[in-house]
Amino acid sequence: MSRVYNFSAGPAVLPEEVLKEAQEEMLDYRGCGMSVMEMSHRSKMFDEIIQEAEADLRELLNIPSNYKVLFLQGGASLQFAQIPMNLMKNRVADYIVTGQWAKKAWQEAQKYGTANKIASSEDKTYSYIPDCSDLPISPDADYVYICENNTIYGTKYKTLPNTKGKLLVADVSSCFLSEPMDIEKYGIVYGGVQKNIGPAGMVISIVRDDLITDDVLPGTPTMMKFKTQADASSLYNTPNCYCIYICGKVFKWLKKMGGLSAMKERNEKKARILYDYLDSSNLFRGTVVKEDRSLMNVPFVTGSEELDAKFVKESKAAGFENLKGHRTVGGMRASIYNAMPLEGVEALVAFMKKFEEENV
Ligand SMILES: *Cc1c(COP(=O)(O)O)cnc(C)c1O
């Protein structure tokens, strides 16, 4: 068996240890004679899996007791609708548009009320985070929305926007659990798990409990009310049981790695190796303003489409998968999530140096 270095933006690399454990437990989960895929979501076995997953996540992120943890279906994209349906009481919200995911969320919110675009970096292909120290926050805004790490463009907020007292809602799909965060600064933090945590098809939403009410927009489906999911501890209907199980294993792995402060250090070290090389290279360069660089998604280009294509092709042949950049940025993108080992980044940089020598 040979595994590649997988730099995919998502679904993405998972810790090998976690995959092996899941493999061992595939046919007979801890002596119960069946796989987690085959067991009732109401069983004692599964109850332990979901409870432990939640407890470990709470410990990792230091989630205060007045926040609910919801394991939901529909991925991050369904939150684009679920958030306005539950929060837009005044039918006004402010969006900061720093990439395609933020734009999609902003567009979806327009179905439910006035969604103001109060800042954007679209003028420069989303290659920076706009100044958010003094934004034109709407007096009657129900919340201010950000996408904290922009998966496609490789930018990240280093300081949170000044929301002037308004509730902050953040999509953290591609930086979830990559470093510690202060949950209390947010009303809702959510992320699709297929970037940094587990298999696709699920979103974890961490919602402050005063935002979980019956007072939702008229016509909101039962399944889309946070209260329905919170009251049923994410078991209103059959959840994505296997995904919750794998996420739980990743939480245990993160704890074993030393928690989120240790992950931050590790991620900074990995990113530094790549960015330092990009800054010194005569061939490659990063596409993002230095101060706003993401630790997780690193887009880069050579400046020549032909050479970019050659690099993607040759890197693939050498065992580096999914380095092709998003079509709107072009070039390459290396996603170096938690589960990408340091050796993977070192090997990539060595390969890039060799490519540079051969092509400059
Ligand atoms: C991938 C991604 C999404 C979409 O996730 P789905 O689970 O496919 O809906 C949303 N936001 C961000 C920041 C992402 O990276």
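Any Cβ shown, glycine's included, is placed from N, Cα and C.
Any TrEMBL annotation is an automated prediction that lacks curation.
Look at TrEMBL and you will find 4-348 tagged as domain 'Aminotransferase class V'. What TrEMBL lists as L-glutamate binding site is ARG42. What TrEMBL records for ALA76, SER77, TRP101, THR151, ASP171, GLN194, ASN237, THR238 is pyridoxal 5'-phosphate binding site. According to TrEMBL, the feature N6-(pyridoxal phosphate)lysine maps to LYS195.
Features recorded in TrEMBL, as mapped to the structure shown.
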residue	record	Cβ contacts under 8 Å, 6 or more apart
ARG42	L-glutamate binding site	LEU235
ALA76	pyridoxal 5'-phosphate binding site	TRP101, ASP171, SER173, TYR190, GLY191, GLY192, VAL203
SER77	pyridoxal 5'-phosphate binding site	LYS104, GLY192
THR151	pyridoxal 5'-phosphate binding site	ALA9, GLY10, GLY99, TRP101, SER173, SER174, LYS195, MET296, ASN297, SER335
GLN194	pyridoxal 5'-phosphate binding site	GLY10, PRO11, ALA12, GLY75, ALA200, GLY201, MET202
ASN237	pyridoxal 5'-phosphate binding site	MET223
THR238	pyridoxal 5'-phosphate binding site	HIS41
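With a cut-off of under 6 Å between the Cβ and any atom of ligand 1, the binding-site residues ARG42, ASP171, ASN237, THR238 reduce to ASP171. Mapped onto three states, the DSSP output places ALA76 (pyridoxal 5'-phosphate binding site) in helix. Fewest other C-beta atoms within 10 Å: among the recorded positions TRP101, ASP171, LYS195, that description fits TRP101.
The maximal spread of the pyridoxal 5'-phosphate binding site, taken as the longest Cα to Cα distance among ALA76, SER77, TRP101, THR151, ASP171, GLN194, ASN237, THR238, is 30 Å. According to its DSSP assignment, ASP171 (pyridoxal 5'-phosphate binding site) is in a strand.
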